[in-house]
Amino acid sequence: MSMIVLYVVFFFLRGCSAVIYSLNSSEYSRMPPLYGLDDFDTCMLEPGGTYCLVDVDLFSERPSDLMHLIHEYSANVKKHYNHSQIHRGVCVTKSCRHLNYTWDLNVTLEVCLNESIWKDYNIQAKLNHIHYCKRDIDHVVLDMSDFVVIIVYMVLIALNIIGSLYDVLFCHENSKSGNLYVLSFSLRRNWEKLVAPSGVGTDHRLQKLKSFHGLRAMTMVCVIFSHVVLIMAYAYIDNTLYIEKAYEDPIKQILFNGQLVVHTFFVMSSFLLAYNYEINAEKHKVSWWHFPKGLLLRWVRLTPTYGLMLATISTLMRHIGSGPMWDLVVTSESNACRQYWWAHVLYIQNYIYDDKLCVPVSWYLAADTQLFCVGLLICITCRTMRTKKAALVTLFLLSLVITSSVTYFLNLDAVVIQSPETCRNLYVLDYTFNYIYIPGHANLSTYIMGLSGGFLAYHWQDEGKNLDKYKKYQWVIWLMFPIAVLVVLSGGIFYLSEDNMIPTAFKVLYATLYKPLFQLLIVTFIISCVFKLESCYRKIVEWRGFTWAGRLSYGTYLVHTLVIKGLIGAQTLPTHMTDYYVLVVLAGSVLLSFLAAGALWLCVEAPVAGLVRAALATSGGQRVEGQ
């Protein structure tokens, strides 16, 4: 009866093209499961065992109530999967043994799947795509690139052992004597740097930036949370209704619209660039030489660790696991990185739209590097506060024009719609993601806001500006967190209605302003921490325990998807998602990611930074990157 009422309502609302927005469990179970996997291990034990991962289209040549139901339920593309295409892992030698699968695998799979679907659901199936087939005799063999990466790891381990022994045997613990290049690989000294208090240095103003470690660490946990759910949805799950019902849960809307959080990294990066550059300019004459030097220092700081991760993904990750989903989740990334590694080394991968599977999260590194060039140019060319204001205002307005124009003329969504199918395909075909979310120029507004905050904080301190009179308004700072949550939740409006029901002007306005509005709250909060206008939030983000976690945020950002993909890709059965299971995987991913990042920091990041400092000390140079 409820289904009849639902059909009638949508008929009058939407004419002949009905859309089913919800189904009860019994009606939902009428549809074939979206995902299914035959037993992989048993299949591979059989002589000649063949296991294929395939996409299958469902159809019916005659009138079918079930196909009608499937099409109308799948028509709600923002919240539902496309149930007219199912995804299977098939043991051909077991499930299709009654067929002559030796002569044509495509035909065999299609006939086999069509038989099982027709038998259980009385509809038909047509093979759409074979992702890959694995046979019992297939083995991934170590090639030259694998051996090269293994040698690189061995060299790194040897250097850290040599540097540590040199420090312990020939240098006093607190002594500054010794070869700086060798001591760069001392684990003892690097550990001391990792756990050292924040802001220790010759300039007392750097102690005002303790809040950055807490912001980095908390933002990183939020990023890991979103990627845990994303990678689970990308792989096979046996309770797809859990994902589809999540769109009706107000709490989970924070997750679907939480892409704003990662932009906090842009604000922190640009704030530190402006602030530290101004401090550096007090003692060193600014020249155009600082631009190529700053770019080189940044490239040297980021690339060794990033390059090692790229090399590991391209080579060794293929060998450390197996299973029906391993090639889909892990090996596909290895193949993409082998093809597009050059784009990542040049930090232009966010403009290579075919490259979506190689470290997808690295779009941020590319965009931040591109925006760093803009920020460094502003620092070098704008010597007075007036010219800085003119440049920042001009670029900020230009960024708003770019966002609004691209959104309007390409008819994009106001936000990246995290639909089930979009997540399942990792945004490969999502134009909003490609043109508004990941390009460097599309994030210029938030970067400019961070630069503005850094310049403003420096000049207020330089002028000795007393902001104590504003402490009585600290309740405004307290309101920032709930306001930020409301800004994130506001994106849920685009999941509530069809695109043609939302005015284009509203979509364009929202797409243009929602990121700057959110990051304005972040910049204001950072400035309030620098000038100690509020104590409650500030003490949380300045907690001593966040210091080391903040320093590990870069390495954690690089390795966390490897950890999550390894956990999910090794599953031999579709994952059963529950709130508790997601939290367990999140906890494990956070712990393992930070541990791996700690090893990277001690053995790669810190030694590279030490080598740079040693080279600059030898040449009498000075760091200008300011990050």
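Numbering starts at 1 and runs along the chain as displayed.
Cβ coordinates come from backbone N, Cα and C, glycine included.
TrEMBL tags one of the stretches 335-353, 392-410 as transmembrane segment, and that stretch is 392-410. Here TrEMBL gives transmembrane segment for one range in the set 256-275, 296-315: that range is 256-275.
Within the listed segments 50-70, 554-574, TrEMBL records transmembrane segment for the stretch 554-574. Across the residues of the domain 'Acyltransferase 3' (211-596), the predicted structure has a mean pLDDT of 91.
Among the stretches 215-236, 256-275, 444-461, 473-496, 580-604, the one making the largest number of Cβ pairs under 8 Å with the transmembrane segment (147-169) is 580-604. Residues 35-37, 87, 89, 243, 255, 258-259, 261-262, 264-265, 268, 325, 328-329, 361, 420, 423-424, 426, 522, 526, 541, 546, 549-550, 553, 556-557, 560-561, 564-565, 568-569, 571, 574-575, 577, 582, 585-586, 589-590, 593 of the same chain lie 6+ residues outside the transmembrane segment (215-236) yet bring a C-beta within less than 8 angstroms of a C-beta in it. Counting only same-chain residues 6+ beyond the ends of the transmembrane segment (516-533), those with a CB under 8 A from a CB of the stretch are 208-212, 215, 260, 263-264, 266-268, 271, 396, 400, 445-446, 449-450, 452-453, 456-457, 460-461, 467, 470-471, 473-474, 477, 480, 483-484, 487-488, 541-542. Beyond the ends of the transmembrane segment (392-410), by six or more residues, the same chain brings 374, 378, 431, 435-436, 441-442, 444-445, 448-449, 451-452, 455, 504, 507-509, 511-513, 516 to within a C-beta distance below 8 angstroms of the stretch. Sequence-remote contacts of a segment are chain residues at least 6 beyond its ends whose Cβ falls under 8 Å from one of its Cβ atoms, and for the transmembrane segment (580-604) they are 156-157, 160, 185, 187, 190-191, 194, 221, 224-225, 228-229, 232, 304-305, 308, 548-549, 551-556, 558-560, 562-564, 567-568. The list of residues near the transmembrane segment (473-496) in space but at least 6 beyond its ends in sequence, with Cβ under 8 angstroms from a Cβ of it, reads 78-79, 247, 250, 253-254, 256-258, 260-261, 413-415, 417, 502, 507, 510, 514, 517-518, 521-522, 524-525, 528, 533-537.
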